[in-house]
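Asker: Quick paste of what TrEMBL says about this protein:
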type	residues	note
BINDING	11, 12, 13, 14, 15, 16, 118	ATP binding site
BINDING	15	Mg(2+) binding site
BINDING	33, 57, 78, 136	substrate binding site
Ligand SMILES: Nc1ncnc2c1ncn2[C@@H]1O[C@H](COP(=O)(O)OP(=O)(O)O)[C@@H](O)[C@H]1O
Ligand SMILES: O=C(O)C1=C[C@@H](OP(=O)(O)O)[C@@H](O)[C@H](O)C1
Ligand SMILES: [Mg+2]
(Lines of atoms letter the chains of each structure in order from A and count residues from 1; the text may use other names and numbers.)
(Lines give C-alpha, C1' and ligand atoms only; values in the text may rest on other atoms or scores of the structure.)
(Ligands and ions follow the chains in the order given, each with its own letter.)
Protein backbone atom coordinates (compact mmCIF):
# COMPACT_ATOMS: atom_id res chain seq x y z
CA UNK A 1 0.00 0.00 0.00
CA UNK A 2 1.21 3.50 -0.74
CA UNK A 3 1.72 5.31 2.54
CA UNK A 4 -1.16 7.21 4.11
CA UNK A 5 -0.14 10.84 4.58
CA UNK A 6 -2.09 13.04 6.97
CA UNK A 7 -2.05 16.79 6.35
CA UNK A 8 -3.98 19.68 7.86
CA UNK A 9 -3.78 22.55 10.28
CA UNK A 10 -2.52 22.31 13.86
CA UNK A 11 -5.08 20.59 16.08
CA UNK A 12 -6.79 18.70 13.28
CA UNK A 13 -5.71 15.38 14.79
CA UNK A 14 -2.94 14.26 12.42
CA UNK A 15 -0.81 12.87 15.25
CA UNK A 16 -3.71 11.26 17.12
CA UNK A 17 -5.36 9.76 14.04
CA UNK A 18 -1.94 8.63 12.78
CA UNK A 19 -1.35 6.72 15.99
CA UNK A 20 -4.78 5.08 15.76
CA UNK A 21 -4.29 4.09 12.11
CA UNK A 22 -0.89 2.64 12.86
CA UNK A 23 -2.46 0.49 15.61
CA UNK A 24 -5.41 -0.62 13.47
CA UNK A 25 -3.24 -1.55 10.47
CA UNK A 26 -0.28 -2.67 12.54
CA UNK A 27 2.12 -0.65 10.41
CA UNK A 28 4.77 1.91 11.26
CA UNK A 29 3.89 5.48 12.23
CA UNK A 30 6.20 8.20 10.98
CA UNK A 31 5.49 11.10 13.33
CA UNK A 32 7.46 13.77 11.48
CA UNK A 33 7.70 16.23 14.41
CA UNK A 34 8.98 13.49 16.71
CA UNK A 35 11.63 12.40 14.22
CA UNK A 36 12.76 15.99 13.67
CA UNK A 37 13.25 16.39 17.42
CA UNK A 38 15.04 13.02 17.66
CA UNK A 39 17.44 13.84 14.83
CA UNK A 40 18.11 17.34 16.15
CA UNK A 41 18.43 16.22 19.76
CA UNK A 42 16.26 19.13 20.82
CA UNK A 43 12.61 20.06 21.11
CA UNK A 44 10.54 21.73 18.36
CA UNK A 45 10.39 25.06 20.27
CA UNK A 46 14.19 24.92 20.73
CA UNK A 47 14.68 24.37 17.01
CA UNK A 48 12.44 27.33 16.16
CA UNK A 49 14.30 29.49 18.68
CA UNK A 50 17.81 28.54 17.63
CA UNK A 51 17.41 27.88 13.90
CA UNK A 52 14.29 29.84 13.02
CA UNK A 53 11.35 28.52 11.05
CA UNK A 54 13.62 28.13 7.99
CA UNK A 55 15.88 25.72 9.88
CA UNK A 56 12.89 23.75 11.07
CA UNK A 57 11.42 23.49 7.55
CA UNK A 58 14.65 22.14 6.10
CA UNK A 59 14.85 19.52 8.88
CA UNK A 60 11.19 18.66 8.24
CA UNK A 61 11.92 18.18 4.52
CA UNK A 62 14.89 15.89 5.27
CA UNK A 63 12.79 13.70 7.57
CA UNK A 64 9.96 13.54 5.04
CA UNK A 65 12.30 12.64 2.18
CA UNK A 66 14.00 9.87 4.18
CA UNK A 67 10.71 8.34 5.32
CA UNK A 68 8.53 8.40 2.23
CA UNK A 69 8.56 4.63 1.97
CA UNK A 70 5.49 2.56 1.23
CA UNK A 71 3.24 0.95 3.83
CA UNK A 72 3.51 3.59 6.51
CA UNK A 73 1.36 6.16 8.20
CA UNK A 74 2.92 9.60 7.96
CA UNK A 75 1.66 12.26 10.38
CA UNK A 76 3.00 15.59 9.16
CA UNK A 77 3.11 18.97 10.90
CA UNK A 78 0.63 21.64 9.89
CA UNK A 79 3.15 23.84 8.10
CA UNK A 80 4.87 21.24 5.96
CA UNK A 81 3.32 22.49 2.71
CA UNK A 82 4.73 25.99 3.19
CA UNK A 83 8.12 24.60 2.13
CA UNK A 84 8.03 24.07 -1.64
CA UNK A 85 10.41 21.08 -1.62
CA UNK A 86 8.21 19.27 0.91
CA UNK A 87 5.01 20.24 -0.89
CA UNK A 88 6.40 18.83 -4.11
CA UNK A 89 7.08 15.44 -2.49
CA UNK A 90 3.62 15.29 -0.94
CA UNK A 91 1.89 16.41 -4.12
CA UNK A 92 3.30 13.33 -5.86
CA UNK A 93 1.67 10.92 -3.40
CA UNK A 94 -1.80 9.49 -3.87
CA UNK A 95 -3.07 8.64 -0.36
CA UNK A 96 -2.97 12.16 1.01
CA UNK A 97 -5.73 12.94 3.51
CA UNK A 98 -6.59 16.51 4.52
CA UNK A 99 -8.07 16.45 8.01
CA UNK A 100 -10.30 19.48 7.78
CA UNK A 101 -12.12 20.99 10.73
CA UNK A 102 -13.88 24.13 11.84
CA UNK A 103 -11.06 26.51 12.76
CA UNK A 104 -12.71 27.46 16.06
CA UNK A 105 -12.83 23.81 17.09
CA UNK A 106 -9.17 23.37 16.11
CA UNK A 107 -8.16 26.42 18.15
CA UNK A 108 -10.04 25.00 21.12
CA UNK A 109 -8.20 21.67 20.73
CA UNK A 110 -4.83 23.38 20.39
CA UNK A 111 -5.38 25.48 23.49
CA UNK A 112 -6.36 22.43 25.55
CA UNK A 113 -3.40 20.36 24.32
CA UNK A 114 -0.47 21.13 26.59
CA UNK A 115 1.64 18.13 25.54
CA UNK A 116 2.64 19.47 22.13
CA UNK A 117 4.24 22.89 22.22
CA UNK A 118 3.47 24.76 19.02
CA UNK A 119 5.68 27.82 18.52
CA UNK A 120 3.44 29.14 15.74
CA UNK A 121 0.30 29.03 17.88
CA UNK A 122 1.61 29.76 21.37
CA UNK A 123 0.92 33.25 22.66
CA UNK A 124 -0.93 34.08 19.45
CA UNK A 125 -4.26 35.85 19.28
CA UNK A 126 -7.13 33.82 17.86
CA UNK A 127 -7.34 36.24 14.94
CA UNK A 128 -3.68 35.56 14.07
CA UNK A 129 -4.21 31.80 14.11
CA UNK A 130 -7.28 32.20 11.91
CA UNK A 131 -5.23 34.30 9.45
CA UNK A 132 -2.56 31.61 9.30
CA UNK A 133 -5.24 29.00 8.63
CA UNK A 134 -6.69 31.09 5.79
CA UNK A 135 -3.26 31.49 4.21
CA UNK A 136 -2.69 27.73 4.30
CA UNK A 137 -6.13 26.30 3.58
CA UNK A 138 -5.86 26.21 -0.21
CA UNK A 139 -2.53 24.39 -0.10
CA UNK A 140 -4.09 21.55 1.90
CA UNK A 141 -6.84 21.20 -0.71
CA UNK A 142 -4.32 21.29 -3.54
CA UNK A 143 -2.21 18.48 -2.05
CA UNK A 144 -5.06 16.27 -0.85
CA UNK A 145 -6.61 13.30 -2.62
CA UNK A 146 -9.23 13.06 0.12
CA UNK A 147 -10.78 15.61 2.47
CA UNK A 148 -12.08 14.29 5.79
CA UNK A 149 -14.22 16.50 8.02
CA UNK A 150 -12.94 16.07 11.57
CA UNK A 151 -15.11 18.64 13.33
CA UNK A 152 -17.67 16.44 15.05
CA UNK A 153 -16.01 13.01 14.92
CA UNK A 154 -14.01 10.92 17.31
CA UNK A 155 -10.44 9.92 16.50
CA UNK A 156 -11.60 6.33 15.96
CA UNK A 157 -14.35 7.43 13.56
CA UNK A 158 -11.89 9.46 11.53
CA UNK A 159 -9.43 6.56 11.35
CA UNK A 160 -12.23 4.22 10.21
CA UNK A 161 -13.29 6.66 7.51
CA UNK A 162 -9.74 6.78 6.17
CA UNK A 163 -9.49 2.99 6.15
CA UNK A 164 -12.72 2.78 4.15
CA UNK A 165 -11.31 5.19 1.55
CA UNK A 166 -8.15 3.15 1.05
CA UNK A 167 -10.12 -0.09 0.97
CA UNK A 168 -8.79 -1.55 4.24
N1 LIG B 1 -11.41 14.16 16.65
C2 LIG B 1 -10.99 14.64 17.82
N3 LIG B 1 -11.85 14.74 18.84
C4 LIG B 1 -11.43 15.24 20.04
N5 LIG B 1 -10.18 15.65 20.31
C6 LIG B 1 -9.29 15.57 19.34
C7 LIG B 1 -9.63 15.06 18.05
N8 LIG B 1 -8.52 15.09 17.27
C9 LIG B 1 -7.54 15.61 18.03
N10 LIG B 1 -7.99 15.89 19.28
C11 LIG B 1 -7.19 16.47 20.38
O12 LIG B 1 -6.68 17.70 19.89
C13 LIG B 1 -5.33 17.87 20.27
C14 LIG B 1 -4.46 18.01 19.02
O15 LIG B 1 -4.43 16.76 18.34
P16 LIG B 1 -3.17 16.27 17.51
O17 LIG B 1 -3.39 14.87 17.15
O18 LIG B 1 -1.90 16.61 18.24
O19 LIG B 1 -3.31 17.21 16.23
P20 LIG B 1 -2.23 17.66 15.15
O21 LIG B 1 -1.15 16.63 15.13
O22 LIG B 1 -3.00 17.71 13.87
O23 LIG B 1 -1.77 19.00 15.58
C24 LIG B 1 -4.97 16.68 21.15
O25 LIG B 1 -5.14 17.04 22.49
C26 LIG B 1 -5.98 15.63 20.73
O27 LIG B 1 -6.26 14.73 21.77
O1 LIG C 1 1.67 24.46 11.67
C2 LIG C 1 2.91 24.50 11.84
O3 LIG C 1 3.66 25.26 11.19
C4 LIG C 1 3.52 23.55 12.81
C5 LIG C 1 2.76 22.51 13.29
C6 LIG C 1 3.25 21.55 14.31
O7 LIG C 1 2.67 20.26 14.06
P8 LIG C 1 1.12 19.91 14.33
O9 LIG C 1 0.34 20.36 13.12
O10 LIG C 1 1.09 18.44 14.49
O11 LIG C 1 0.71 20.65 15.56
C12 LIG C 1 4.78 21.48 14.27
O13 LIG C 1 5.21 20.85 13.08
C14 LIG C 1 5.38 22.84 14.37
O15 LIG C 1 5.03 23.40 15.60
C16 LIG C 1 4.94 23.76 13.22
MG1 LIG D 1 0.93 16.65 15.24
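All positions are counted from 1 along the displayed chain.
Heads up, the Cβ atoms here are built off N, Cα and C, so glycines get one too.
In the displayed structure, how are the listed features positioned relative to their neighbours?
Answerer: According to DSSP, residue 118 (ATP binding site) is assigned to coil rather than to any helix or strand.
Residue 15 (ATP binding site) falls within a helix when secondary structure is assigned with DSSP. Sequence-distant contacts of residue 15 (ATP binding site), defined as residues of its own chain at least six apart whose C-beta falls under 8 angstroms from its C-beta, comprise 31, 33, 75, 116.
In the three-state DSSP scheme, residue 136 (substrate binding site) falls into the helix class.
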Asker: From the binding-site residues 57, 78, 136, pick the residue whose C-alpha lies nearest to the C-alpha of residue 12 (ATP binding site).
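Answerer: For residue 12 (ATP binding site), the spatially nearest of the binding-site residues is 78.
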Asker: List those of the binding-site residues 12, 57, 78, 136 whose Cβ lies under 6 Å from any atom of ligand 3, in sequence order, or write none if there are none.
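Answerer: Close enough to ligand 3 is none of the binding-site residues.
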Asker: Enumerate same-chain residues with a sequence separation of six or more from residue 57 (substrate binding site) and a Cβ-Cβ distance below 8 A; give 'none' if the list is empty.
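Answerer: Listed in sequence order, they are 79, 82, 83, 86.
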Asker: List, in residue order, those binding-site residues out of 14, 16, 33, 78, 118 with a Cβ under 6 Å from any atom belonging to ligand 2.
Answerer: 14, 33, 78, 118
Asker: Give me the CA-CA distance between residue 14 (ATP binding site) and residue 136 (substrate binding site), in Å, as a whole number.
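Answerer: For residue 14 (ATP binding site) versus residue 136 (substrate binding site), the Cα atoms are 16 Å apart.
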